[in-house]
Each structure stands twice: as structure tokens, then as C-alpha cells.
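Please read the structure below before turning to the comments.
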Amino acid sequence: MNSIRQVPTRVKSRRTEASLGAEREHFDKQQLSSISKAINSTETPVKEKHARRIILGTHREKGAYTFWSYALGFPLASSSILSWKFCHVLHKVLRDGHRNVLQDCMRHHSSLVEIGKLWAHLHDRYGQLVAIYTKLLCTKMEFHAKHSEIPPNLEVTDEVLERTAGTDINNVFQLTVEVFDYMDSELRLAETVIRQLNTSIAISTLTSGQCRLAPLIQVIQDCSHLYHFTVKLLFKLHACLPADTLQGHRDRFHDQFHSLKSFFNKARDMLYFKRLIQIPRLPDSPPNFLHAASLAKHVKPVVVIPDEDDAEQQDDDDDEPEPLIEVSDTSASSLQSQPQLDIFDQAFGPPNGGFDDRDLQIESLKRDLELLRAELERVKAEAQRYITQLKSQINSLEAELEEQRAQKQRALVENEQLRMELEATRRRNAEHESVQTTYIEAEKRAQATEQRYNMLKQKHTELVASHAELLRQSADTVKMLSATQQTQEEVERTKQQLSFEVDRIKQESDLKLEEQKFEMEKLKRELEEKMAEVMRIKATLQSSEQTSDQMNSSLTALQAEKERLMRSVSEKEAELSSLRQTAQVQQSSLQQERERNSRELGELQGKLQEKTNQEEQIKRKILEEQFALLQGTITEAESIIQDAVAKLDDPLHVRCTSSPDYLISRAEATLGSIDKVKKGHADYLSNMGDAGGLLRALTQFSHLAADTIVNGSATAHMAPTDHADRLTENCRDCGSQSLQYLKELKSKTSLQRADPAAIRAVVQKILHLGQELRPKGRDVGKEELGDLVDKEMAATSAAIEEAVRRIDEMMNQARKDTSGVKLEVNERILFSCTDLMKAIRMLIVASTDLQKEIVESGRGAASIKEFYAKNSRWTEGLISAAKAVGWGATELVESADKVVLHTGKYEELIVCSHEIAASTAQLVAASKVKADRNSKKLPVLQQASRHVNEMAANVVASTRTGQEHLEDKDTMDFSGLSLIKLKKEEIESQVKVLELETQLENERIRLGELRKKHYEIAGVPLQDASDGNGETSSLFSPASTSPKPSKPTLLKKPALAQKPNLPPKATFK
């Protein structure tokens, strides 16, 4: 009984499991369909209905497991548009998906980073956008994973934001910086998208422009919330920190404000956004964070996404609406049988003589359905109107609520600010008083010190002056003493002379008196006889007495002079003693001053010794830091070279190839870097305090050496076995020698003897091997090669002139022979061809001018022919490019002539236009490779090349337009065909399609073989090529100067684009 009762339950459980499995299978199919339709390589925007189904799927399974399981299978590395649309869908899923989506996405964070790094190193417009978009998504996921309170759609209240920021000012500061970084990522993506639209002249109404603009809707939504968060956090920071500390935050906010306002204004003017989103308007000026009352004026920007009244139209035929009701098997079988009944009725007619009640029921049901649809549309419109009104009321109420909160916040902030200003004012007053007191005391001390210093200085000056004066006075005194002594000696001598004269006079007078007595006696005896002689003697006696009186008076004067001189000498001696005392006093003060100066000198010498010791410590520290930097640089260089050496044995590296020319350029650059390393090593040994030159040289050397090793290995993959083995072995030796040299530089003991000579020898071997692997061309003489360039340029110019003349003749002939639409088509094609020829002529002139400038600037003292012979490979490429341009112009004229005469195909004209564009690109590349980057003629050549490409595009456009006008498109008439005949015609059409596809595939294979043969002929010597195909190449023939040159043999064509198999670091030219 129990088993019988449990049978229905088991049957019901099995039915439930079956229904759940079917429902899960239907859900997986629906998700796969939506994901594959939303993420594809078509340049169209993601449809909203597919994204909405994906988002509903995340809510249904409460995560993004299904989305990531399907998304990881897409080849994101092969298509930039596919990666762009994947990032867009992921952004929408993060914003509007289930809350567990963030955790599922964080598991694939590293994959998203790798995709961004891959596309960042590729020159692709969508690739650059993908690199920026992945950085934005990584920043978004990291921010919301760290701050789980803030959902990925950023729709939170101010209370949640306050709770997230917390009360710790450091956390608020850090959160503000993270919001700034978040905003920078959003604005960088928006600016890049708009800049690409401006440069590519894309229109927002086209699918190519809408594909780029579609993700900006989510960017606008994020930016509006991030702007509000930034304003709130900055006001909170300014309420707690001084204004000077937040100067950097204010500057960064002002830059983001102006960028965001410019982005909103540009997006508001685009027609694409007008029906999809209502973009808010930002204020004219940013908020003033220094004034707390400005918070009340801040209004939160609100982005409104209007709901569409009509459902999206289903563009794809395979889009099926989601079933809302489960249809039973019976109804399905009835529906399957219904078409059979309809076919039976069509074949034999309805029963009952052409009348059926079901027709009436169907008509009534259709009318009821139309009424219900009208009623449903009316209800939808009314509901939409109510929704719009309620949204406007909600917005107004939110604005009022925000205003009330702002007023409350403003009051709190003003109160807090006033309290802080009061405390700050009190602190400033107290600090001002203490500072004022300190300032007064310091000023008094400074004045007293200055006065003492001035007094000491004045005293020192006076002492020096008095010392000098005393020295002068002492010298004068010594001179006066010597003069006085001389005068005293002269007085003594005069006194002795006078005493001697007096004695002599006395003796004479005694003698005279005796003589007079004798005479008197004689006179007495002879008185009577000699009376006249007596009178004469009396007169003589009187004169003698007078002379004696004069001598006495002069002696008295001399005695008085002697006494005066004695008094003067005594006075001078007293003055000299006082001066000696003063000099002793000054000498004692000078001695004290000298002792004090000696003490100060000792102190200064001690400080100087300490300063010298500090400088020596600093020098030692600098030397240690410089050596530490050198060791760090050497470690990084070793890792770079070890990574390059590891790629020699990496099986993934086997598929990488490189050219011998690129290997030679890398080896030459490495040799130059070795010279720089040697010079930097010598400079470092001479001055070990400056290792900058050696660090820069080592950095450059490590990258170039690693590049040489990797490119040498890649070149060996395409080389013969012997050369490949030698090249690989030399690459290993280069790596080992480089590591040994770096190891010697890393140690102080072996730093002096480190020598890169072994590395130079190995790199030179690699250079010689690269030169041996180079494709060899025929040797051409200097005069022949030098003249050949000018001849080919002249031949190309002549071919262009001949082409213009022939086009004019064809235009005149077409005007005579044709009329109407054919004449209009022919004139349009010939006019575009004429414009193309003129553009090519301008390109030839610009290329010739740039070539002359290159030769004049690079030949130096050599002649022009020697310069061409020295740069033979560049000259060969230039000649080949010039021939290709002339040949393309001639072929274009021949094709245009055939098209005008209705004997040729329009496709030939299109192919010739493409060939001319490729040839001009080759000529520009050949001219640009040796041009100076600052040359004024290089932009002229590039502009002429762009003009040639535009004119070639015009030729293609006019040709296709003319082809569309002249082709007869017959309308298909199926009125006389039965069902069997239609099926037969359909089968025949499918057979023809398959035949044409087979022919197309075979022709593409043939084209690939032709290009491969072309590459082989261009890469071997010309003699071998001529022997192999039986033709004589005219690449270096000087006689090929006719206006219609033969098609040249190109030296090398670029390889077809391939998917990279290595990280961007290991890509090669």
C-alpha cells in the first residue's frame, strides 16, 4: 500500500526534475543566444534587449557563472570590436546585474588585465579603447570589492557614504583619492572615444559611431554619482583639515570638473544621446570648498533614462520572444497539424462549398485582438504618463530632501566652522601674544647684541687707529730724540769751539797787553818821539774791547739756548714715558683680544672638523647609495637578459621570426650601447659619486642586448641549419658574456677590471651572421647606381605626364562618341583619374625634394654617387618604389581606356587604384626611412601621400558608382513558376553559388601562390630570378627610362597580419 501511494509522488518528482532540466536547458540556450548576439565582431551597438536578457539571467541564477562560462570562449585577442562589446556588456552586467556578479567577475580579474595589456601594445583604434576600458573595469571592480557598502551602480544615500567614509580623517582622505582615480578612469575613456570620433569624422547616427558611443551611457551614469561623492567628501575634508593641505585635492577636482563639464556638453549635443538619456547640467563654476556655506548650493546631478513607449523591433529573423506560457504537447501537435490542413485546403478548397465557421471565428478573434492591442497601447501610454509624473515628483521630492539635508549640513558645518574659527582665533591670539613677547625679547637681545657688537667694533677700530697713531708717534719721537741728540752734540761742539775761541782771544789779549805794556814802556821811553803811534794803539785797544763785549753777549745767548734745549729734552722724555705706558696698556688689550680670537678660532676649527666629518659620512653614504642603485640596475638588467636567454629554449618562441635587416639594426645599436657602457664605467670609476651615466647606459644595453638575443633566435628560425646553429650559439654566448660582465660590475672587488670586450666580439659575430643572411642583390657600379635614381625619377615623371595626356585624349574622344549617362560616368571616372595623376605628380616632386635634402645632409664630403653606392639597399628600394608608381600610373591609364571603350572591366580600374596607393606608400616609406624627423619637407611628402590615397579612393568610388549606374538589374518574375519549378531554380542557384565559391577559393589560393613566388623572387639574387622564370629583370637597367616602364620587382612586401602568439614584449618587426 505504501509503495502504491508513493507512485504518484515519484512520478511527479520525475516530471518536476524533467521540467527543471528542460527549463535549465532553455535558460542556457537563451543566455547563449543573447550573449552571442550581444558580443560579436560586427561594428554595431549592443542591443538593449540582449543585454537585458543577460542581466535578468544573472538575477535568476544569482551570479554571473553562465555569462563567464560562455564569455571565456570568445576569441577576445583576435578582434578588437569583439573585445570592445564584451567590455560594454560586462559594464552593464556589473551595474545592473545581481550583487554576486562582482565576486564572480573578480575571479577573472587577471584575464581582464591580460586582455587590456595585449590590446595596449597593438596599433588599433578599438584596441586602444579596449585597453582603457579594461583599466576602467578593473578599477571599478577593485573599488567596489574594497568598499562593499557601495554597489557597482553607485546609487547610495548620503548616510551610506558617510558610514563608508567613517570618522577617521585618514580613511576619508584615502577614499577621496580612490574616487578621484575612479573618475579619472571614466573621463579618460570618454575623452578617448570622443577624440577618435573627431579624428575619424564619424557620425553619431551611423552604426560605427554608435558602437563607440554606446558605453558612454554607463560612463555618464557613473560620473554623475562620482561627482556627487567627490563634492561631499571634499567638504568633509575641508571641515577637518586646513586649506593648504588640500590644495592638491582642489586642483585635481577643478581639472576633473572642467573635463566632466566639457564631456557632458559634447554628449548633450550629440543626436545619439538625445533619445536615450537625459544628461544633467553642471554649474558654471566648481563649488568653493573654502566656504562651508557653498555646500547648500550644491545640487546632486540626476541622470534620467527615459523608458521607450514601443518595444524594440526585432531586426534578426532568428530572434524569438520569450515564452510566457508553457505550451502543452497537445497544442503543439495541433499547431503542427494546422499547416497540413491549410495546405490541403489550398490544394482542394475548403469544405462546405467554400464556407467555414472557423473563418468567422478567426475574423472575430482578430478584431478582438486589435481592440485588445489598442486598449493595451492606451493603458501603456497612460502608465507611462503616470510613471513620468511620478518620476518628476520623486525627483522634485529628492531635490527638496537634498536641499533640506544640504541646509542641515550647512548649519552644522557653519556651526562647526564658527566654533573652529573661534578656537583658532583664540589660539592665534595666544600664539600672537607669545610670539609678540618672544619677538620683543629677541629684538631687545638683538639690539643689545648689535650695540655690543658695534661698540666692540668701534673700540677695535679705535684701538687699531690709536695703535697705528702710537706707532707713528713713537717713530716721530725716535726721530726727534735722534735730532735732539744731534743738536746737543752740535751745541757741545759749538761750546768747545767758543771756549777755545775765548781762550785764544784771552791769550791774544794777554799777548796784546804785554805788547801794549812793552809798547807803553817803549812809548814812555819814546813818548816824545812816537805820539802818533800812541794814539793809534789807543784806538786799537778800544776796538778790541768792543769785540770782547760782543763775544760775551753771544756766549750768554748760547747758554740760554742750551737751557731751553735741555728743558725741551726733559719734556720729550716725559711725553715718551707716557706714550710707552699707553702702548703697554694697548698691548695688553691687544693680547687679550688675540687670546679671545685664538679661542674662537679653535672653536671654529672644531666645528669645521665636525662639518668635514659629516661631509665625509655623507659622501660615503652617497657612494653606498650610488653603488646600491648600480646593483639594483644590474639585477634588473640580469633579469631582462636571462628572460631573453630563456626564450631561446621556449617552445612558444619557435613560431616567432625576424628579418636579418632588423637583426643587423639591433646588433649595431647594441654595439653603440656597449661603447656608452664603457664610457659610463670609466666615468663612474673616476667619480664614484655619480653613477647616472652608467645606469642609463646599462639600462639601454640590457634592453638592446635582450632584443638582439631574441631577434637573433627569431632570425635563426628562418635561416639554414648551419647559420641557425651558429647564430643560436652566438646568442647564448652573448647572454652568458653579458651576465658575466654584469656580475663583475656587481662586485666591488671586480668592478675595476670589468671589460665588455668579450660581449663586443660576440655581438660582432651576430652582426656578421646577419649580414651573411641578408638577401644579396646584384652589384651595381657607383656611377650606374647614382644615375639610375635620377633616371627612374625622370621616367616616372614622364610616365605621369604621358598618362595625363592620354586621359585628356580619352576624355575628348568619349565626349564625341558617347552621351547621356555613359558620358557622365566616363567623365567622372576620367576626371578622378586626372586628379589622381596630378596627386602622383605632386608626390614625385615632394619625394624628389626630400631625396635631395637627404643626400645633401647625409653625404658629407662624399659625392652624390658615392652616397647612393654607400646606401645601396635604400637606393634599390627607392628605385623599385619609383618604378612601381610609374607602372601603376600606366596600367591605370590602360584600364581607364578599356573601360571607356567598353572592352575592359571596372574591377581592373579598382585594382590599379589599389596598386597605386600601395606603390605610393612604398615610395613614402623609402623616402622617409632616412629623412630627418625635423625636416620641413617630410610633412609635405606625407601630405602628398595622403592626397594620393584620397584621390585613389575617389577613383574607386567613381568607378563603383558608374558601374552601379550602367549595370542592368532585371526584376525577377516568378508569376509563371510552380512550386516544383521554384524548387528546381533554387537548387540550380545553390549549385551556381557553390561553383562560384569554389572558383573564388581557388583564385584566392592562386593569388597566395603568386604572392609567395613574388616574395621568393624578391628575396634572391636577380640573376637567379631571371634564370628561374626566363625573364630579364630591369631593376637596375639604366635604359629603362621610357614613359611606360615595366612593372618592377619589389625588394620586400610586408607580411600578412597574423594573430600574435607571444606577449607584447616579444613582438618583432
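Glycine is treated like the rest: Cβ placed from N, Cα and C.
A quick note: this is a predicted structure, and the numbers were derived from the prediction, not measured.
The annotation coiled coil is assigned in TrEMBL to 355-459, 977-1013. Residues annotated as compositional bias 'Basic and acidic residues' in TrEMBL: 14-23, 563-575, 592-614. Residues or ranges marked as compositional bias 'Low complexity' in TrEMBL: 580-591, 1037-1069. Annotated domain 'ENTH' per TrEMBL: 23-151, in sequence order. TrEMBL lists 777-1018 with the feature domain 'I/LWEQ'.
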**Q.** Spatial neighbours of the compositional bias 'Low complexity' (580-591) far in sequence, C-beta under 8 Å, 6+ residues away
**A.** 463, 466-467, 470, 474
Q. Could you give the number of helix, strand and coil residues in the compositional bias 'Low complexity' (580-591) as assigned by DSSP?
A. 12 helix, 0 strand, 0 coil
**Q.** Tally of DSSP helical, extended and coil residues in the compositional bias 'Basic and acidic residues' (563-575)
**A.** 13 helix, 0 strand, 0 coil
Q: For the domain 'ENTH' (23-151), give the DSSP counts of helix residues, strand residues and coil residues.
A: 94 helix, 0 strand, 35 coil
Q: Run through the compositional bias 'Basic and acidic residues' (592-614) and tell me, per DSSP, how many residues are helix, strand and coil.
A: 23 helix, 0 strand, 0 coil
Q) Could you give the mean pLDDT over the coiled coil (977-1013), rounded to a whole number? A) 83
